[in-house]
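Below is one structure, written out as structure tokens, with a few remarks after it.
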Amino acid sequence: MILKESSFSTFLYFISHFTIKKTLSTSHKSPTPLKVSSLVTQSCFLIPILLSSILHAFSFWGIRGLRMIMWTILLVLAILHRASSHGIQPLSRIAIHKATLALDNLAYVKASPTVLGLNGQNTEWVTVEYSSPNPSMDDWIGVFSPANFSASTCPAENPRVYPPLLCSAPIKFQYANYTSPDYKVNGKGSLKLQLINQRSDFSFALFSNGFLNPKLVAVSNTVSFANPNAPVYPCLAQGKQWDEMTVTWTSGYGIDEAEPFVQWGPKGGHQQHSPAVTLTFDRSSVCGAPARTIGWRDPGFIHTSFLKELWLNRVYTYKLGHRLFSTYVWSQEYQFRASPFPGQNSLQRVVIFGDMGKDEADGSNEYNNFQRGSLNATKQLIKDLKNIDIVFHIGDICYANGYISQWDQFTAQIEPIASAVPYMLASGNHERDWPGTGSFYENNDSGGECGVLAETMFFVPAENRAKYWYSTDYGMFRFCIADSEHDWREGTEQYKFIEHCLASVDRQKQPWLVFLAHRVLGYSSDLSYAVEGSFGEPMAKENLQKLWQKYKVDIAIYGHAHNYERTCPIYENQCTDNEKRYYKGTLKGTIHVAGGAGASLSPFTTLKTKWSLFRDYDYGFIKLTAFDHSNLLFEYKKSSDGKVYDSFRISRDYRDILACTVDSCPLTTLAS
């Protein structure tokens, strides 16, 4: 293969563009989304092409050609890494359905203590000791719940009478030599693992032969919490009225067994009981594998209670309760501060992020290679919780991707935050997207969940939680939360909602208008968007930017792009203000921000866009502080240390909002 010099750059573009377009098709609308297995196949297919290209480039163009082709290879490998790590659930590495029995009488697994939560704890550490007569570097320990994970637990319509013998994935795994470097030599090891109360007992299993064709060598004794059905992991959310707070939690009690309620009242004052509604779902409620197959786990019962007619800014205490005939089961006591009324002039602090995911404090599941920032972000928010009033997690919640046990793990991780301040969600591709279910993007990113988990386990004040768009007021803020996984184009039901949300706010009382969505419906220099040439979701700006401009949206914030970026005030690809840190007077354009708190990072394009003011290839979150009706502070903080790395201020009064700018007022009025 001999190329003319003039065609060299074209060749490079073809190789990189072909690879990027293919590998990124899972993140954007595609009738035939690419799976991880095909990514590996494609990368193998490209290797001989790239190697051949290196030889020809060197022989024809010398060092210059070699450098350029190597740059392209690095770009391709970076994209392949992003596509293969973006949203991959570590548990999916384990082909548990291919497991075979290789029980060895000389091997053992022992776990202690056997009873957890004797003092009401819902999180405990266990010690697992194990031994194998034939140790190997790829031996691993799996944590299973329920403890019986044999073929007898498989769905009746799919009996297992021959290998594969197992049909439920572990909820955790760790290599046998993780903290026992001599395991390969002496065959003995131990682990300390953290368990949470998840409505069932646990067992620990030793497997050999790696993850692809695992062999079950030994199974431990069972471990259980003193009360596995206890009410756990409350999550607050704003109700449909400003003076209403909802509390959602999980338990093992169905409504036929016990009556769920919340005991609550002003701190130190009279306590009352409010009943809770109860929801659950089964395998038939979710849409496909692995959620219906090896990822399935009984979700228990999800309860929501509505605490109404709250006094603004008053501190309330509450406890989760279940009445079993004449006895009661209680959670610990929590407290929250009621929301300010719409327009109230007081200090109001909002935290916003997307794509945080979850991680394991014990180092299991190898999340460190995927969601490094998750625990860091959670710890920073807990550390600064006294200075946070409400949280918005805008999509890609925990990346369970069909492994349902992970939702419990996530709600346990955020409990210190979500039990104290409203924890509001937006829908992301890893919660909702599944072919043939009404998702705007026909891909497999939800792992068969198709929105069921997020819609059931968390309350949002939407008219229909299957259509995850809603508005909520918090003091001087109006938040319009879009569902980027449903069609948002002009003329659709969601487009009409967005316009009504933006148009109906009284900017004299609520001057700070914020638009939130998971996918970048505005502007982003993320490499995947740059390759598409859209610098954001295709068709999004064309359909929505006139609404942002007409109704003078201050800030639009997104997830999905796993990096941090802030634009200038912008309209139709043009900066409308050259200022970078301090904006005052008439609002001329919307500032767009994208970023993620914890999931695997994605690269920026090397192209320089005039509207991109600040980029950071790191994990972080946004904090908005409204001091009054005229002054707003924006801060970007890193998950690693909680320090501010980017900020700006907005100062203006109501007359500035009333003033007309391009496309923000009618072309003609009665006066004219």
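In case you wondered, yes, glycine gets a Cβ from its N, Cα and C as well.
Here TrEMBL flags 39-61 (among others) as transmembrane segment.
Per TrEMBL, the feature transmembrane segment maps to 68-84 (among others).
What TrEMBL lists as domain 'Purple acid phosphatase Fn3-like' is 109-227.
What TrEMBL records for 238-337 is domain 'Purple acid phosphatase N-terminal'. Taken residue by residue, the domain 'Purple acid phosphatase N-terminal' (238-337) breaks down under DSSP into 3 helix, 52 strand, 45 coil.
Feature annotation from TrEMBL assigns domain 'Calcineurin-like phosphoesterase' to 349-564.
Among the features that TrEMBL reports, domain 'Purple acid phosphatase C-terminal' is placed at 593-647. Look at the domain 'Purple acid phosphatase C-terminal' (593-647): DSSP puts its residues at 0 helix, 28 strand, 27 coil.
In this chain, the domain 'Purple acid phosphatase C-terminal' (593-647) does not touch the domain 'Purple acid phosphatase Fn3-like' (109-227); fewer than three CB pairs sit within less than 8 A of each other, excluding pairs fewer than 6 residues apart. Confidence over the domain 'Purple acid phosphatase Fn3-like' (109-227), given as mean pLDDT on the 0 to 100 scale, stands at 91.
The domain 'Purple acid phosphatase Fn3-like' (109-227): residue composition by secondary structure is 7 helix, 48 strand, 64 coil, according to DSSP.
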